[in-house]
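Undergrad: Sequence annotations record features per position, and here TrEMBL assigns domain 'Aspartate/homoserine dehydrogenase NAD-binding' to 8-119. The feature NAD(+) binding site is assigned by TrEMBL to 125, 191. Taken from TrEMBL, the feature domain 'Aspartate dehydrogenase' covers 168-256. Annotated active site per TrEMBL: 221, in sequence order.
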Ligand SMILES: NC(=O)C1=CN([C@@H]2O[C@H](COP(=O)(O)OP(=O)(O)OC[C@H]3O[C@@H](n4cnc5c(N)ncnc54)[C@H](OP(=O)(O)O)[C@@H]3O)[C@@H](O)[C@H]2O)C=CC1
Ligand SMILES: O=C([O-])CC(=O)C(=O)O
């Protein structure tokens with residue numbers, strides 16, 4: 001039985017809880033939530049996983065988890081994942097955009113080394129990370145990522161002030177530049193750009209184009225990579241989660257897969 005503490009009870013967190021509730025090899029013992037959402041979270045988590053303790057920090061968790069699963073937000077990496085790694089608790093994380101802060105990325109690596117454990121960066125909404133990370137070993141020449149989302153998925157981002165998102169009638173490029181800059185400007189929408197960078201050519205050499213598309217109902221991620229291995233091209237047409245249209249449903253399945261791979265007798 002794999003004992004889990006989750007961080008976050010938002011769109012991803014609650015969907016993960018629902019998918020895992022009948023897995024006999026996994027026990028969701030506790031969920032760490034933001035203090036201002038504690039009452040609402042107790043109600044929402046209680047309806048799906050009544051056995052789970054809902055708390056605001058790792059120190060309140062009754063039983064040390066086998067795995068800490070972050071599906072919360074960038075702040076949660078510093079607040080909860082860093083201290084867990086220091087204590088030797090293995091972690092899996094989805095808020096990969098946070099690692100475009102190279103200092104935080106370094107701190108996570110150092111904490112994991114000190115705790116003699118590991119932090120796993122999940123592939124989330126994008127596929128092909130296994131191929132890209134393997135291709136990097138032979139040497140990559142170019143990685144180009146285009147992220148296309150419905151126009152209103154870019155609300156509350158710098159594109160919101162720059163373009164009249166509600167009034168767009170055709171696909172509009174809202175950003176073009178290196179992945180590091182994309183992750184800094186669009187943190188909640190640039191997890192994929194950051195993931196591709198970390199697996200591949202890094203934040204400065206991964207080229208990113210972001211598009212607000214009023215004709216699209218999907219989050220479309222397109223990657224072209226070339227190098228000593230040859231080349232590949234991949235297009236993901238992700239369905240957004242109803243609870244958060246910025247987030248593709250595949251991200252939830254990626255979390256559940258990672259947990260299953262730790263809990264089950266066969267990993268794939
Ligand atoms: N790797 C990938 O491909 C993808 C990654 N993501 C990332 O996954 C994360 C979760 O996404 P999603 O579920 O859609 O987002 P939601 O906003 O729906 O949910 C996030 C929840 O986590 C809570 N939270 C934020 N900070 C903390 C904290 N420090 N401790 C505990 N809880 C916290 C939020 O509370 P409050 O509302 O009070 O802030 C909210 O309830 C985001 O960082 C997102 O950027 C999303 C899609 C793809
Ligand atoms: O599609 C998603 O779920 C999220 C996304 O684009 C990103 O954060 O890069």
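Just so it is clear, glycine is given a Cβ too, placed from its N, Cα and C backbone atoms.
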Undergrad: In the domain 'Aspartate/homoserine dehydrogenase NAD-binding' (8-119), how many residues does DSSP assign to helix, to strand and to coil?
TA: 58 helix, 18 strand, 36 coil
Undergrad: To the nearest whole angstrom, state the Cα distance for the pair residue 125 (NAD(+) binding site) and residue 221 (active site).
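TA: Cα to Cα, residue 125 (NAD(+) binding site) and residue 221 (active site) are separated by 8 Å.
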Undergrad: Mind running the recorded positions 125, 191, 221 against ligand 1 and keeping the ones whose CB falls under 6 Å of it?
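TA: Cβ under 6 Å from ligand 1: 125, 191.
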Undergrad: Around the Cβ of residue 125 (NAD(+) binding site), how many other Cβ atoms lie within 10 Å? Please give the count over every shown protein chain.
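TA: Its Cβ shell of radius 10 Å holds 25 other Cβ atoms.
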Undergrad: Measuring Cα to Cα, how far is residue 221 (active site) from residue 191 (NAD(+) binding site) in Å?
TA: 11
Undergrad: Around residue 191 (NAD(+) binding site), how many other C-beta atoms are within 10 angstroms of its C-beta?
TA: 30
